[in-house]
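Enquirer: Residues annotated as ATP binding site in TrEMBL: 106, 107, 108, 109, 110, 111, 112, 113.
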């Protein structure tokens, strides 16, 4: 063996994921390397993002192939995963929640709730503890998408008990009012209800809390950016120009409020004929890629039209749970992995600077 521990660490920290160009190890990764004898080393590593069996095999094979060139032929791997908190120090922390991710768009009807629910469920399938909160106070859709019609229980400290379906914890104003009743509230009350759903729910040790946001850049969006310790936002858009116009406003708002933008998900990206496999771009083509290039925000996935996805959402069932070979299901899993990895690469704590909101 002709290699040092320092060289092994250098090699490990240089490895990248070919799918997103991110380093496999980051400044928050726990790594221990030990040379045991002339041909053997031990690598203890604790990734701070979600990994699966396929990733572990890829990592072991890649590292082994490289280190074989240095005369290392026996590698003992001890691979673990632990999601860490990323704090926003100037916002009140949410008990038992490590990372808050908001799913946003300046436009209604682009599928934020569908994306939110299926990404949240995909994260649970990858091993994370996940919750979802419905921030669309006027039009809550999470209860229907989860197939829940009950009212939540309350604890002695007036905290609400989240519903749990498929290991996904959830809360929504839709659980508190009748299924078809309108929420008739002024702006300040809407923001208060939103904060209560975040802070007064008895979340149980969440790695990630997904916030399904309403469209636009109004009261809820400002409350999120100013008062909630959100780690980052996920932008959802269709490729259509009319959608992109509003999404650009949304991106500028979150940039102005110093909020991390994790990436872009293009929903209803294309339609693939189930009979002939012909692809039609019904809402246009490359809208997400144009946004990505304009604002230097990565695209995390392009979700096609899917009748299976539509049916499962209307029935209150998870797409991935029901049909794991559906193309959209695989894309949601890919997006979930990407989100986890990108959050892991953020600083463990940061302080946002919320600017005065003025008319330009």
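Count begins at 1; order follows the chain as displayed.
Just so you know, glycine gets a Cβ as well, placed from its N, Cα and C.
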Enquirer: Helix, strand or coil: which one is residue 113 (ATP binding site) in, per DSSP?
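Expert: Residue 113 (ATP binding site) sits in a helix per DSSP.
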Enquirer: Relative to the Cβ position of residue 113 (ATP binding site), how many further Cβ atoms are located within 10 Å?
Expert: 23
Enquirer: Give the sequence-ordered set of same-chain residues, not counting 106, 107, 108, 109, 110, 111, 112, 113, with Cβ within 8 Å of the centre of the Cβ atoms defining the ATP site.
Expert: 105, 215, 236, 243
Enquirer: Including all protein chains shown, what's the count of other C-beta atoms within 10 A of the C-beta of residue 109 (ATP binding site)?
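Expert: Taking every protein chain into account, the count is 10.
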Enquirer: Helix, strand or coil: which one is residue 107 (ATP binding site) in, per DSSP?
Expert: coil
Enquirer: List every residue in the same chain as residue 108 (ATP binding site), at least 6 positions away in sequence, whose Cβ is under 8 Å from its Cβ.
Expert: 214, 215, 216
Enquirer: For the binding-site residues listed here (107, 112), tell me which residue's CB has the most neighbouring CB atoms inside 10 Å.
Expert: 112
Enquirer: Among the binding-site residues 106, 111, point out the residue whose Cβ has the most other Cβ atoms within 10 Å, with all shown protein chains included in the count.
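Expert: Neighbour-count leader: 106.
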Enquirer: Return the residues near residue 110 (ATP binding site), defined as same-chain residues 6+ apart in sequence whose C-beta is under 8 angstroms from its C-beta, sorted by sequence, else 'none'.
Expert: 215, 236, 237, 238, 243, 247, 267, 268
